[in-house]
Every structure is written in structure tokens, then in C-alpha cells.
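**Student:** Quick one: the structure is below, and I'll ask about it shortly.
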Amino acid sequence: MNSGGKRISRVIVRKSPRLGRGVFARRDLRAGEVLLEYKGTCVDPETALAAPTAGALRYGRVFLLGTRDGRIIDGECNGNPARWINHSCDPNCVADERAGRIFVRASRPIRIDREITLDYALGLGREISPAMRERFVCRCGARRCRGTMLVAAGGEPRCVPGPDHVIAAMRPPQAQPFPPPHIQVLERLGRNRIVVSWRQAGRACYGEQIWSPSTASEAGTCALSMASFEAGAQVFLPTIGEYPPHNRDERILADAISSLDLDCPAKRVRC
């Protein structure tokens, strides 16, 4: 929590029964909720997976996270608490890329005190040898554990079997509730209301939606800035008419609006 008392972390780092430290839910989390940003330094796969100084297997831990476009983030270099999130072949969170940044988002409801997990999905861009598979062995215990944190070319979890290895059944990619919205604050109206353009494929498309000032009844995440806030923070929320909008539970921090120059479109958009 910051000194102003408006932001609080949804997660906490503590000892994990899996391996060393882990990240755990501080409260019940809903599916689709953004928990924190995954920070670190982007490295190419060959460097990340071949060099012991690139974050792999240091002190028995792996601080690497693969992205959909083939990049790998080394969380030990310029990282944050997200680097302590442990791998699972059946994770409860996904890595969500937004405007060049990686956020950890719950893929299903998570109860308080449950450990947060991600599929590291480390891509080699080629077949996985038995030696490399053993180096990045997975012991997550999931029913469909594939036995490795690696994924081969094309993003499919596959590997070249060794003499004592049977390839585990492969699970489908984690379903994502909705893609990130494209949000644009168009103008400020009287009574401190704002006009918002909200476009989100598969969920909602509002060209000119009125949002009204309010006080947050619970902790959440600002849809515009992705900043966390605590109950009691000053926010804007969609105006509820005869038919409640699909984004009625979304909130925009008043602080995020106050920093915008509504006469300059480049400063009022988040994709």
C-alpha cells in the first residue's frame, strides 16, 4: 500500500511448498483480474536458455517467462516480485501483453492464500532435446504436466523423448476471457463527468459512453492506467441506464483522468 492509502497489492511473496518463494493471493481474485506487471529484461531465446548467467537454474530457480511472440523475459534482471511466481503446466494465471508490457492476469477465480502460477512457456524455436528438457524439468504435479517448462517451435509443448520418457498429454492453450480494450477519454462534461470510447472485441463497443464520478466500493484495477487501487479511492464508472453496460464493473481512477490533456488525443488513449 502506498502512503496515500489508495493502492494495495493483490498478492504477497512468501515461502512456497513448491520451491523456495512463491506469490500468493491476498484476497479472493476474480477471473480476468490483473494482479501485477511482470518486469525484467528481454533476451533472445538462445541466450536465455543456453547461458547459466541469463537467469536459468540459478540457485535452483528459473526466472524466465516466454511471450507469444517468442521473446523471453529475464525476471532476475531489473525484475519485480512477479519473478517469484512459480511455473505450472495447469496455471491459474496467464501473461497478458498490453502496449508492450506484460501483466499477470487471473485465468480463473483464485481463492485467498492460493499460490499464483504461470506457464513459463519457454520457447526454443526448435525441437527440445532430452538434455535441455531435463535442464528445465517441471515437477508441478499437475494432472497433465508435460514434464518441462519448455515449449518447442510453434508454441506447442512437444519434445524429443529420451529412452525413459513418455510424452505427457498436452493441454490446450489457456482460454482468455476477453482481449484488452481500446479506451479513449473523449472529453470532460459538466458535473465532473467524462465521455469514454470503449471498444473491446467480443465484449462491448461504446462510441460515446458517459462515466460518472464515484467512490470505489472495493479494491480494483484502473482500466486506463492499469494501476491498482483500494476501496475508497476516487474513480469514474459507467453510467447505468435502462440496460446495464457490459463494462459496468470497470473503473477509471480519477488520478488517471486528472493527468490527461483532453485537447491532445495522443495523451488520452490506452490500447
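Glycine residues also receive a Cβ, built from the backbone N, Cα and C atoms like all the rest.
The shown structure was predicted, so the numbers you read here are calculated from the model rather than taken from an experiment.
Dumping what TrEMBL says about this protein:
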type: DOMAIN; residues: 9-121; note: domain 'SET'
type: DOMAIN; residues: 134-150; note: domain 'Post-SET'
**Student:** If you average pLDDT over the domain 'SET' (9-121), what do you get?
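**Tutor:** Residues in the domain 'SET' (9-121) carry a mean pLDDT of 77 in this prediction.
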**Student:** Based on DSSP, tally up the residues of the domain 'Post-SET' (134-150) by helix, strand and coil.
**Tutor:** 2 helix, 3 strand, 12 coil
